[in-house]
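Heads up: the structure comes next, in structure tokens.
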Amino acid sequence: MTDPAKTHTPMMQQYLAIKAEYPDTLVFYRMGDFYEVFFADAEKAARLLDITLTRRGQSGGEPVVMAGVPFHSLEGYLAKLIKLGESVAICEQVGDVATSKGPVERKVVRVVTPGTLTDTELLNDKAESILLAVHQGARNTCGLAWLSVTQGEIHLAHCANDELETWLARVNPSELLYNVDVTPAFEQRLKTQRCAASARPAWQFDGALGARRLLEQLKVASLASWNAEALNEAHAAASALLGYAEHTQGRALPHVQGLQVVRSGELIELPQSTRRNLELTQTLRGEDSPTLFSLLDTCSTGMGSRALKSWLLSPRRDRAQAQARLEAIAHLRSGPQQTLRARLKGCSDVERITARLALRQVRPRELVALRQTLDKLQQQSERAAGESIGLPELLTRIFEDLQPPPGCTELLGRYVLDEPAALIRDGGVINHGCDADLDELRAIQTNCDGFLLELEGRERARTGIANLRVQFNKVHGFYIEVTQGQLDKVPDDYRRRQTLKNAERYITPELKAFEDKALSAQERALAREKWLYEQLLDQLQAFIPALSRLARALASLDALCALAERSLTLNWAAPVFVKEPCIDITQGRHPVVEARLAETGGGSFIANDCSLSGKHRMQVITGPNMGGKSTYMRQVALIVLLASVGSYVPAARCRLGPIDAIHTRIGAADDVANAQSTFMLEMTEAAQILHTATPHSLVLMDEIGRGTSTFDGLALAGGIAAYLHNKTQAFTLFATHYFELTEFPAQHHGAINVHVSAVESGANIVFLHHIEPGPASKSYGIAVAKLAGVPSAVVTHARHALSALETQQTETRAQVDLFAAPPEAAAPVQTALDRALDTIDPDTLSPREALDALYQLKKLSALA
């Protein structure tokens, strides 16, 4: 027989059944005014949220371990869990408590995960929450599919396995899905991205199913217009992506109606090291400011900020988009940007409101904010009706899409109060005059106070009890209260409802009839409001495509206005794109350093020129530490990036040829988490650059070789410089502390020497931060040490030691050509075994053919 003590209670049976469907997710189980978590979930939540862990009663013969959070505080706790990379299933009571036999019916209504956030309280205004799925293909390739649920566009891509880390850095997902059957080596590549990641069942990554899902999602018959029909690995990733996104939202995603296929050759490569070293969106300390993005972002809306960040991190090699933005900015600079920016202020985040509307999660006050924004845009449209002549093409398209969809504003105004309650469950949302039945029910509630006062007056007159009161509370409903001293005057038709210490509370047939009517009206009014709200959401679904277009246009206009404002305020110039290979910058400045100097009163930024061309592709940069070599290199890269985005640049003039990548090897820091030493990281990044850079790439090499011994470092630096000059032929800024490398340009005509100037005054040094032709005469390292506060005895000792070392080097220096090409190795003789290996394609062999080939190779090996 089953021991009753070992069986679970009905409520725990319900919980365990729900938990079984979400084994890897924290389940928040609604019980009254709290969300409870049980057993292992409770222990985990208590640890992560710092909430109390308790044990109450028993179920299945064991104490029930539990913890809970108030329902009205849920969003704050969710935000903390999401930040920690956790996912949470929200389980609500959906049944009627009054009619339920046993536990009230409950079900999971949504799953909140780091990559599928839609709640305003959980999202960063300036950043997307991105869900990425990756599928490993059969031939050393993989497919990627990603989306932001609030943005409404699916992205597909194919890449080689060894390019995966670059793609992960580019997409920067909040959550990553991958096939549980991937190889260990592939899984290790995925773990370079520090985000929430989960292995999903292999059947979810189905290429044919993914293609069908894309067709259904986009409501098209073919993917040919996107040239996306043959991307089988990406289709497999899309299958898992869409299935997971729909599962977390508990419904389809009707607002996701865009598709973009991103191809490797379309974007300018910005590896993770480049994004980090140039401090595009985060400082080297991991802070949001001061960065290039924080300097540029004067957008009036969150969606404008997100669009601007996307532009900054995804510049295209094709110049058409950048040129269109430059033309739009030029027009906005001439006057309209100030007026437009004033009108953009106060606009709501239409993009995220539209997504929440499509998912039926939108709140009443968000609908009011949407209506107010549409009102503002309608007024702007009417004012701009006669100003469209002469607009650049990009602005023309934007203003066309900014038209509010006809009827949407009026519908919102008819249904929703100007100042509604925060949630529909509280009532007070639907406008007066919208629905006659609701108005009638509200009238009953409104007349309640008048009826109670009138009844109180009549009962006082009838009973002679002067202090008699007619009142209401949520526990006991309506009642007539009589004090103890007046109880002898109570009529026979009063029925006792509650006894207090100093009074009795009664109800009469008349008051009971009114109570039934009033309470019924309140419940019916709330139910009616909820029904009307659902009807409104139904009608608004038809406007989602137009609202999505409007949101994209509004975001683009906001971002363009921000770039126009920055160009005027910071005195930036328009770059010029040319076909010949060149980076020609006159009076260039580092935008972030210049802004910081202006803020802190640190003086004026020293502008510098940079000229790289087909004739001179490399600069060997020498000069003192603290002189500004790294700043100069970074500013060149930032100017190239800004121009490629379609922004004005911090320079007097800029001519730019084709660019396909910006690579940086600047500074070094131990990657302890991945067990990489400083020098190993330095060499790894250098190797990646040497393998991937092309003649159209910009390469920044700062102090390469400093992580090892002097001779090793010098030899490696010389070899790397020669490879970049002779083989890669990339535009290269090569800063070094090895003065032997100043001899490099004498033997390599595509390189020139430049140096950062400084002057000495006695034992002191003044940095001029100016780039001048020719090599530096010395490094001034000891002078820098003195500036840093190193004790004078150490400085004096160092000066004597330096003098002795320089004398010794002059006398004994070996005459070694650092830059001579290595002797050519003898051409290897190809053996029969080599030829046999060359003819084998492992991917096409059957098991029997593979075995035969193995025996043949063994035979040839014995003969060799």
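Even glycines carry a Cβ here, placed using N, Cα and C.
Computed from a predicted structure; not experimentally measured.
Feature annotation from Swiss-Prot assigns ATP binding site to Gly623, Pro624, Asn625, Met626, Gly627, Gly628, Lys629, Ser630.
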Binding-site residues (Gly623, Pro624, Gly627, Gly628), the one with most neighbouring Cβ atoms at 10 Å: Gly623
Ser630 (ATP binding site): secondary structure state under DSSP, collapsed to three categories: helix
Additional residues surrounding ATP, by Cβ distance to the Gly623, Pro624, Asn625, Met626, Gly627, Gly628, Lys629, Ser630 centre under 8 Å: Val756, Phe767
Cβ-Cβ neighbours of Ser630 (ATP binding site) (radius 10 Å): 21
Packing count at Met626 (ATP binding site) (other Cβ atoms within 10 Å of its Cβ): 19
Greatest C-beta neighbour count within 10 angstroms, which of the binding-site residues Asn625, Lys629: Lys629
